[in-house]
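Input: a single structure, listed below in structure tokens.
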Amino acid sequence: MQQQSRSTPSSVRTPAVFNMKAFSIRPVHLFRWCLIFFAFCAFIFWYVHRWNLAKQLSPLQTKLATKASMETKGTDFYLDGKKLRILSGSMHYFRVVPEYWEDRLLKMKAGGLNTVTTYVPWNAHEPSRGTYHFKANLDIVEFLNVAKRVGLHVILRPGPYICAEWEFGGLPSWLLAEDEMEVRTMYPTFIDAMGKYFDELIPKVVPLQYGNGGPIIAVQVENEYGSFGKDKNYMKQVKEALTSRGIVEMLVSSENGRIPMENAYLKDVLMTANFQENADRHFDDLIRMQGADKPVMVMEFWTGWFDHWGEKHHIYSAEDFSRLVEAVLKRQASINFYMFHGGTNFGFMNGGNFQNGPRKAPVSANSNQLCFNSNRKPVWLISGTSLSRIPSQKCYAEQANCWWTDYDAPIAEDGDITDKFLKIKELLKEYVPEETKNIPVLPADIPKRAYADVEITHYMPLDTLLEVNGKPIINDEILPMEKLPINGNSGQGYGYLLYRTYTQKKPTQLKFEHPPHDRAQIFLNGQPEGVVQRRHDTSETVLELKGGKEGENSIEILVENQGRVNYGHDIKIERKGIIGDVFVNGIMQEKWEMFPLEFKKSLLEAASNSIKWYETPAHEKRPALYKGHLEITDGTPADTFLDMSEWTKGVIFVNGFNLGRYWNVGPQWTYYLPGPLLHTGKNEIIIFEQDQSAAALKFSDKPDLGTVVRVRNDEDIAPGL
């Protein structure tokens, strides 16, 4: 039989061999798969971000709020369907050590308040372009959470401009590196910088809005803009910058008088007033502006006033204070006491202001007291103390705010309650009993201690400090602070800048094209020749030199930034250092060495660890560092006050922390040192003294704010536009 061949059924396939050479993907398909991949990654990023955000919300809150929690009905505020009278006090978290936030807020609550109001300082949170700080006393999220735990609502005032008697009104100095910069306008570079800052700040506070389980019930748009400009497009831009990033709570603004109100008014932003006298007039202005069917509120009822160096300590009498508070409460108005607790201008962060020539009344020219004429003078607020006790730091010209020792506010800088606190509590219980039913027990005042004198054991001359600081910046042309190529090209923000140059002929005269900003100490061949300081446009530009010699001479100019103006139009010209050319014997001087002394942590650590300290008792004729140690062996460190009445002018550093400036022109003589800045054992205190030092550091358990003078502000505080 013949064998038949078998054929493979058509349903049975021979296994295919995968040929890599034959495999390919068309470009269009590759593009589509890439799009899908990136879309998937974006979804994962969005999901993780929302999950992290949700963790910050209350357990019952599953998604972000989309509308304001507080609303207005007629002349009242309503929250959760209940009428709310806002009884608020201002406290700035960045002016108080975090360890004391809860103490101060509990005292506010115990005083009958239901709300705390705070500014947010852009320049502290973004000290150089793109570098952000939100830790320690800048941890705004933690502060807001503490306020919630205590049971206080929050009105947030994020700027970008805040005034606040704070350096440059809270604006970062690096904005001024651009010659054409126009702050608080629609200038593109300013708007772009504001947007990037808000990209960092606003997502941190969005979850803490009231509708998301947080304490924030209202957010302020800009600050006192009507006293600066009248561009409604700019105000709308700031409003949009907030709302587009998730701010949904009630928007408010605050102004100092009728004309500023008109300049800054936006229909969907509730206008509030700032004043210290004539409540009825200011409230009537609000009603004329936005109608009688809106609540009226004073966003800044000034509980006192601040001082400037060389002035007396300003107080607002308790009698006048109580009378006006009563007038506000009788109008059924809401109120924010500015300040309720002032805190301290740590470091170099005091502001400055321009003031007119001689006045009949002793008025402190603060960021809210700026006037303009041909004889306007700059003045500085005191740099290290609080709006609760706030003397200011003054240069007699552009007034520098003092240490910020006392605003004559209800809670003193050191946390002690005052007679004003007790009067507020009494009035609120009488006029607003429904809001003051369940107030907590008042916490006890924190103990103070007068430590034994600390002997100054070592000093470091200025020349050695310059060596420790590092190599100078060398340039043919002289540069202001903001133009220095440091800090990621953000320039120098604060502190001192030493300029050094050489001349080959005997120098007899030094002339500045413009007055130094702000105070310049001149040294010829290492010896002091005099001080040139900023007063007004035509003074303090020439110094006759007496210590010159034939041949080479060195000229050094140590310029102190005493604080940038924080209010009014002059913030546009607030570059620091030497502005313009310098002439020696009538000839423009070229080739400069520039040593920026910012006294940041790195410099302080390098100086502290240096072996180039010399034993005292040498007292330099030039600026120098002086060092001593406070030994604490018996218990927890207590609050204290450094008595600097025997020193001249300079800055205090405690354990590497910049406590602030001192100056013997007064009014204040003591400087608050919170206990949390000390530790058990040896505490290092370094003083940068610009002139005559003392042999020891003395302490007190009580503040000495100097001679007092009464103040009343019964006019609109607004510069001409």
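From the backbone N, Cα and C atoms, a Cβ is placed for every residue, glycine too.
Source: prediction; values computed, not measured.
Here is what TrEMBL says about this protein:
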ACT_SITE  E224  active site, proton donor
ACT_SITE  E300  active site, nucleophile
DOMAIN    77-356  domain 'Glycoside hydrolase 35 catalytic'
DOMAIN    491-598  domain 'Beta-galactosidase 1-like first all-beta'
DOMAIN    623-683  domain 'Beta-galactosidase galactose-binding'
TRANSMEM  30-48  transmembrane segment
Inset, instruction - Work out how many Å separate E300 (active site, nucleophile) and E224 (active site, proton donor) at their Cα atoms, rounded off. - result: 11
Legend entry - Structural state census, the domain 'Beta-galactosidase 1-like first all-beta' (491-598) (DSSP three-state): 5 helix, 50 strand, 53 coil
Inset, instruction - Summarise the model's confidence over the domain 'Beta-galactosidase galactose-binding' (623-683) as a mean pLDDT value. - result: 97
Inset, instruction - Determine how many residues of the domain 'Beta-galactosidase galactose-binding' (623-683) DSSP places in helix, in strand and in coil. - result: 3 helix, 34 strand, 24 coil
Legend entry - Local Cβ density at E300 (active site, nucleophile) - other Cβ atoms counted within 10 Å: 25
